[in-house]
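K.L.:
Structure incoming, see below.
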Amino acid sequence: MRTLWIMAVLLLGVEGHLMQFETLIMKIAGRSGVWWYGSYGCYCGAGGQGRPQDPSDRCCFVHDCCYGKVTGCNTKDEFYTYSEENGAITCGGENPCLKEVCECDLAAAICFRDNLDTYNSKKYWMFPAKNCLEESEPC
């Protein structure tokens, strides 16, 4: 019950492209980003510090780094454009900044899919921040 409440609170704050990111993760990895990656390891979810704990957590680290390189738009609440053709998703639109945000999200969704076998909910779901105190590697 507590987990459901936490997820409901997280969803209340989701606007703009974060819902698009959730959709991309569902389409590509076949998993809910909120449920699977909303609080996983040291980098999946809000914030991020320390060393990525496994390849799935590294997907979130790389995603955070990707967002850090985007300038000129809000990475969390502006909508971007993408298209689907024959199962392939392509980021587009007139705004180069939002296209970059889409490409960050798309790369993360593909990374999650490619690392489903490394996902370890028993070990890294709701991972305590006190275990993420090692020095972070550079992006």
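All positions are counted from 1 along the displayed chain.
For all residues, glycine too, the Cβ spot is worked out from N, Cα and C.
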K.L.:
Quick check: of ASP54, ASP64, which does Swiss-Prot put in the same Ca(2+) site as TYR43, GLY45, GLY47?
P.N.:
ASP64
K.L.:
With reference to Swiss-Prot, specify which of the listed residues CYS73, CYS104, CYS111 is paired with CYS97 by a disulfide.
P.N.:
CYS73
K.L.:
So CYS111 is in a disulfide according to Swiss-Prot. Which of these is its partner: CYS42, CYS44, CYS59?
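P.N.:
That record, Swiss-Prot, gives the partner as CYS59.
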K.L.:
Looking at the disulfide bonds in Swiss-Prot, identify which of CYS42, CYS44, CYS91 pairs up with CYS60.
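P.N.:
As annotated by Swiss-Prot, the paired cysteine is CYS44.
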K.L.:
Given a separation of at least six residues and a C-beta threshold under 8 Å, show me what packs close to GLY47 (Ca(2+) binding site) in the same chain.
P.N.:
ALA129
K.L.:
Counting other Cβ atoms within 10 Å of each Cβ, which of the disulfide-bonded residues CYS59, CYS73, CYS91, CYS111, CYS139 scores lowest?
P.N.:
CYS139
K.L.:
Are there residues of the same chain, six or more positions away from CYS65 (disulfide bond), whose CB falls under 8 angstroms from its CB, and which are they?
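P.N.:
Long-range Cβ contacts: CYS139.
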K.L.:
Using a 10 Å radius around its CB, how many other CB atoms surround ASP105 (active site)?
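P.N.:
28, counting other Cβ atoms within 10 Å of ASP105 (active site).
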